[in-house]
Every structure is written in structure tokens, then in C-alpha cells.
Amino acid sequence: MSSLSSAPFGRVVTAMVTPFAADGSLDLPLAARLAQHLVAHGSDGLLVCGTTGESPTLSWDEQLALIKTVLDAVGEKVPVLAGTGSNSTAEAVEATREAAALGAHGALVVVPYYNRPPQEGLEAHFRAVAAAAPELPLMLYNIPGRTGCSLHPATTARLLDCDNVVAYKAASGTTSEVSALRLACGSRLAIYSGDDGLTLPMLAAGAVGVVSVTSHLAGVELSAMIDHYMAGRHAEALALHERLLPLMEGLFCTSNPTPVKAALELQGWPVGAPRLPLMPADSSVRDTLSTLMAALRPT
């Protein structure tokens, strides 16, 4: 488990892909092996059933099975967060309760999507989720490019009177989001980068870690980059950032998680194609990823 008081879920939290078998069903044994591999290669926290885990295409029974599988595999070593967000408050409340009952160490709760509630509605939504499982630490997740609305810093600051609101995934695509949150919330909120390529500048603005996709492939290097920065070795951190950036950007050349699943396949992890409506990576994406991963190998 993480002992980093300022980073309650660890510094590198991998937003884990969901492996599928050839028939499209969950491959739970592979999910367990992948979780163990990630923890052994730089991840000090895991998130299951997030965007990268294709939660919109998973039934709730599948999500519960996946959460339990990953908890059984690595839950005694690192924090395991469950994605429990929904644009229905009642569904988010129930999902969060069930994740807590399974023993999850935290929940990632996304801003309600599509129905675009006002700030008052967002505040009421998150308060209801927090009250449903008061013992379960929550990470709020702001990603306006996917949800159609944004959680404002002032609203976030008001939510800090819920004792279990402890962290925030910043995925608006700007480092200024971190600065605005720091001004509104001070050090009471652990801010995580939700964009691999912005992790280093977000650390400089006050973030404590990253919820990462790239860590599937370069977790050791990403962890080292953060360690260098936190220890004041900024030149070393910058060098690693620049080395990783092409891969970080390449993993978002089309809709996530299509590229990272293809990259894992290229590394020998048969995680399967994404479920529809997402599509498998085409040959040009696979060729690009192969080149980018080759560039990271030691010479």
C-alpha cells in the first residue's frame, strides 16, 4: 500500500485496460496477470473500470468481477481504485457502495456526462456519492472534453468538507487547471495529472502524481521521472519527459484505449480489441506504436 501521505493512491496510478478473450468476454486470469506485471514495473496504484478500461461497454456484473479480480491479485500491495461514476446519481451511489463492499481502496468518480448539469447539480451529485460510502476515499475526475461540462475549482473546494473527497484527476488539457485548484483548495486536495504528456508541468504546478496510460508500457521510466522531479533533480526529470513524450502522444493518436491495447498486443499481451463502438488499431497505428516503443528500448 502507498505510504505517500501527499499522494494517497501512489504517484503512478495505471488506468488499466480491460482484457477480452477472443469471444469478447472478460479475460479475468489475464487481468490478474497484467495487474501483477504493472505493479512489478512501476505502478504503485491501479484504476480499473475507468475510461481506459472501457467502462461504458462493461456490464455492472463484469465491472464487479474485474474489481474483485484485481483486488485479489494486487490489493495487498497497492491501492486499487474502481471507476464508479455515472451521469445518473443513483447509479453512481450504488456503484460506489458496491465497490466499497468489495474492498476497493478508493473510487474514481467522473463528472456526470451528457446531461451537462450546473455547478449546483454537480456539487449535489458528488455529495450524494461521498455520503453513500463515507469510509471510501474518492478521486473526483474532471474531463470536460468527454463529459461536456467542467467541475469548477470553487465547487471542488466546497466539496472538501466531505472527509472522503481526497483527490482529483485533472484532465482538462491545461496545466492552469492545477494552479486554479491549488488556489481554491490549497494542499487539502491531492491533484493527479490525467494527461501523461502534461505530468511534468503539472507536477511543477503542484500535482502529486499521474493517472496514466503510458505506464502500461513505460511504468519504470515514468516513475523515475516523477521521483527525479520530487527529489529536485529537474534536469533528469526533463530528460525522461522528453524521451517519453513521443510515446505519450502516440498512445492518443486515435481513441483511447485502442492504441494502448495494440501496443500491449505488440508486447505479447493478448488483451484483445476494444469493444464496439471503438475499433481495433489499423496497420498504420500499429506501425507507429512499434516504432515508438523500439525507440525506448536501451541501445
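Using N, Cα and C of the backbone, Cβ positions are placed for all residues, glycine too.
According to Swiss-Prot, the site 'Part of a proton relay during catalysis' annotation covers THR51 (among others), on the basis of sequence analysis. In the structure as shown, the Cβ atom of THR51 (site 'Part of a proton relay during catalysis') sits within 10 Å of 23 other Cβ atoms.
The local packing around THR52 (pyruvate binding site), expressed as other Cβ atoms within 10 Å of its Cβ over all shown chains, amounts to 23. For the recorded site, THR52 (pyruvate binding site), the DSSP three-state label reads coil. Residues or ranges marked as pyruvate binding site by Swiss-Prot on the basis of sequence analysis: THR52, VAL211.
Taking the Cβ of TYR114 (site 'Part of a proton relay during catalysis') as reference, residues of its chain lying under 8 Å away and at least six apart in sequence are, in sequence order, ASN87, THR147, GLY148. In three-state terms derived from DSSP, TYR114 (site 'Part of a proton relay during catalysis') belongs to neither a helical nor a strand segment and is classed as coil. Summarising the annotation, Swiss-Prot assigns site 'Part of a proton relay during catalysis' to TYR114 (among others) and lists sequence analysis as the type of evidence.
Sequence-distant neighbours of TYR141 (active site, proton donor/acceptor): residues of the same chain at least 6 apart with a C-beta under 8 Å from its C-beta are GLY85, LEU108, VAL109, VAL110, VAL111, TYR168, LYS169, ALA171, GLY194. The active site, proton donor/acceptor annotation in Swiss-Prot covers TYR141.
As annotated by Swiss-Prot, active site, schiff-base intermediate with substrate applies to LYS169, with the evidence given as sequence analysis. Around the Cβ of LYS169 (active site, schiff-base intermediate with substrate), 28 further Cβ atoms fall within 10 Å across all displayed protein chains.
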About how far apart, in whole Å, are the alpha carbons (Cα) of VAL211 (pyruvate binding site) and THR51 (site 'Part of a proton relay during catalysis')?
11
Surrounding CB atoms that lie within 10 Å of the CB of VAL211 (pyruvate binding site), all protein chains
30
